[in-house]
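To start, the structure under review is shown below, and the notes come after it.
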Amino acid sequence: MSNIVIVGAQWGDEGKGKIADTLAEKADLVVRYQGGNNAGHTLVVNGKKTFLHLIPSGVLRQHTKCVIGHGVVLDPVALDEEITRLQAKGIAISAENLFVSESCTIITSYHKLLDAVRESNTSEKIGTTGKGIGPAYEDKVSRKGIKFKHLFDKDLLRSRLAISLAEKETLFRDLYKVEYPTLEQEFDKLFALGQKLKQYAADTFSIIDQAIAAGKNVVYEGAQGVLLDVDYGTYPFVTSSNTSVAGVYSGATTAGHGLDHVIGITKAYTTRVGEGPFPTELFDDVGKFIQHKGGEIGVTTGRIRRCGWLDLPLLKYSAKCSNLTSIALTKVDVLSDMDTLKVCIGYKYEGKEIYCAYPGIDLYKVEPILVEMEPFSIDETVTKDNMPAALKTYLKTIENHVGIPISSLAYGPSREQILFFEDYFKKG
């Protein structure tokens, strides 16, 4: 039995879905524990791409059960559409392999509208996906939220909707002056969706608890990345949930269950979508080359990702925030055959050199300390035995500065293009 957590160690888009899909081969459960359909995971199997936003990456494995934990904010429209799209591709999804927590907070049309009008009416853009994630978490924390189980009870749903709409109605009408669905329109839509999705509702807390007690393998699949964590991230340019390992305990299981591995998924370079500081960002042809070769376009938003060199002070910070046990390095192939290769090992900041970021640091004011690395060349024939010396040096540089080992290396989009240096399912 192993409890394994997959955490994004950067600003998201690190390739968590690929690693989760690979580990799902031996997993009994794959669990999403935070975020919502602002996540976008791409799986490539036999040359065919599958895009996931809510459903865990274990869905392509016939024996693996997929769980959406109570920490996820759930857009029932998006879930219904995703299930329909996957089923149309011949992917089996039923109440036998998909379990959605009855306690998930629901995203309504009001949340999505509020998200959109706020972003369009402010001069300080956050770069939100516009999916209603933040407003839904606001309602959850202020006790105005609607739970998944509320969709199945007409009276309860109507009363919860009235509570949720009360303040928003004034904002829509008087401040933003936009049209919005009436309570009855939203009620009719949500109740109908509830009847359709009710088959997937489950006590996921007990499902996970019983699986662990029975010695099953459980993989917890995070969304976004530690640097977008609402507490640890580059605030205010963050998401609205705990994307660090802390989200596992608040969004899926209990602290009484130990974690065997916390794997930080990390690109061999750095990317970011939307606004916010980015110390190693490249604005030249090298950045454009990485962007093009890496296919750096957001699955959820379709926005071009900003690209830069690997930032080890931020990676070390992420490792500390989530108590990472190892790193899964992805998209190494993107850096193959480059004329120039650099890595950031530290910052010059306020007259000092620092080698690990921290919550109070102003990343807009740091000067990255970049070191030249010897370029390397790899292709699909790379193995642990024939790995070029320059790549080994690149990996060792990361390990030495961050202080934890690299446990796997992904060198292409398909599930077969990955080297494992550690068996995550082998204890001790």
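Placement of Cβ uses the backbone N, Cα and C atoms for every residue, glycine included.
Straight from Swiss-Prot, the features:
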ACT_SITE  Asp13  active site, proton acceptor
ACT_SITE  His41  active site, proton donor
BINDING   12-18, 40-42, Arg305, 331-333, 410-412  GTP binding site
BINDING   Asp13, Glu14, Gly15, Lys16, Asn38, Ala39, Gly40, His41, Thr129, Arg143, Gln224, Thr239, Arg303  IMP binding site
BINDING   Asp13, Gly40  Mg(2+) binding site
Maximal Cα-Cα distance (Å) across residues annotated as binding IMP, namely Asp13, Glu14, Gly15, Lys16, Asn38, Ala39, Gly40, His41, Thr129, Arg143, Gln224, Thr239, Arg303: 34
Using Cα positions only, nearest of the recorded positions to Thr42 (GTP binding site) (Asp13, Gln224, Arg303): Asp13
Same-chain residues at least 6 apart in sequence whose Cβ lies under 8 Å from Asp13 (active site, proton acceptor): Gly40, Gly225, Lys267, Thr271, Val273, Glu296, Gly298, Val299, Arg305
Separation of alpha carbons, His41 (active site, proton donor) and Tyr411 (GTP binding site) (Å): 17
Gln224 (IMP binding site) versus Gly15 (GTP binding site) - Cα distance in angstrom: 10
Fewest-neighbour residue among recorded positions, criterion Cβ within 10 Å, set Lys18, Gly40, His41, Arg303, Val332: Arg303
Count of other CB atoms lying within 10 Å of the CB belonging to Thr42 (GTP binding site): 17
Pairwise CA distance, Lys18 (GTP binding site) versus Asn38 (IMP binding site), rounded so that it is a whole Å: 17
Candidates Gly12, Gly15: member of the binding-site residues with the richest Cβ shell (10 Å): Gly12
Rounded inter-Cα distance in Å - Val332 (GTP binding site), Thr129 (IMP binding site): 27
Mapped DSSP class for Arg303 (IMP binding site), helix or strand or coil: coil
Cα distance (Å, whole number) from His41 (active site, proton donor) to Gln224 (IMP binding site): 10
Rounded Cα separation (Å) that holds between the residue listed as 'active site, proton donor' and Thr129 (IMP binding site): 15
Inter-residue Cα distance where the pair is Gly12 (GTP binding site) and Thr129 (IMP binding site), in Å: 13
Other CB atoms, at most 10 A from the CB of Gln224 (IMP binding site): 29
